[in-house]
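Asks: Here it is, the structure, as structure tokens.
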């Protein structure tokens, strides 16, 4: 733990970009209850608990994010016999959170609404902890378009189902549109890490974010279906022509919220199937497990390089 602390201190010396929500009301609050994390500024010492966090890795599944935390402990040399990685959010079943040195691993559930709630409370947590120079990376799964299953996509732009780099939501009954802003430098660094690993196919491309797994993604196997196979293929090929390499359900809100708060953010997802070839995820379990480990290995390499660079020669 001491070694990771010295690394983050040196990183702070380069710059001090504090995490700062855009909401001016937060600074005036006497207590901030992060209800869905089961944490509060009046009952928890955020700076002590989280002040050294430099990397936040988020993903849908609590089990996967716990596995990632354990993997990072080994990769950072922080693991030891009998080591335990408790769920910091054990007081709730909404999300799971694990900390290993300067890395926070958090689940966000499925889809934009669940991810949005988590991000609001995560950014407030980092603010109250007085964290600086934090990078957020979503690690997930997706459906590819014209890519071999198991390919990893580093998102260049998060686009909506009309292929526009925007995120729209209703606020006080009116539509509010935000740009989706991913950090180009982080994406390029991740791509360089992939070239260094050379263990699985990796591409840099656009990711389409939808609000539904079935009709919203043009699947033919849901309980409802209002289009034909020809309609589906036409739409997916239009997406491919617009630079879309994969489809998932969280990237746009991650890019919009983190981007609005000037937090460097990236999205790294593995493809479980080629949507031009089918709709159902039917690969054997052990194959899917290995696929899901690929983004973790890539992001781990990125984190270790960043920490080594911060530590200096």
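Just so you know, glycine gets a Cβ as well, placed from its N, Cα and C.
Summarising the annotation, TrEMBL assigns region 'Disordered' to 1-23. The compositional bias 'Basic and acidic residues' annotation in TrEMBL covers 9-19. Among the features that TrEMBL reports, domain 'Nucleoside phosphorylase' is placed at 54-304. According to TrEMBL, the feature phosphate binding site maps to 94, 138, 139, 140, 141. Summarising the annotation, TrEMBL assigns substrate binding site to 217, 219.
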Asks: Other Cβ atoms within 10 Å is the metric here; tell me which of the binding-site residues 94, 138 scores highest.
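Replies: Compared across 94, 138, the most Cβ atoms within 10 Å surround 138.
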Asks: Which chain-mates of residue 219 (substrate binding site) that are at least 6 residues away have a CB under 8 A from its CB, listed by sequence?
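Replies: In sequence order, 213, 225, 232, 279 meet the Cβ cut-off.
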Asks: Tell me the Cα distance separating residue 217 (substrate binding site) from residue 140 (phosphate binding site), rounded to the nearest angstrom.
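Replies: Residue 140 (phosphate binding site) to residue 217 (substrate binding site), Cα-Cα distance: 17 Å.
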Asks: Mind looking up the mean pLDDT for the domain 'Nucleoside phosphorylase' (54-304) in the predicted model?
Replies: 97
Asks: Quick check for the class: what is the C-alpha distance, in angstrom and rounded, between residue 217 (substrate binding site) and residue 141 (phosphate binding site)?
Replies: 14
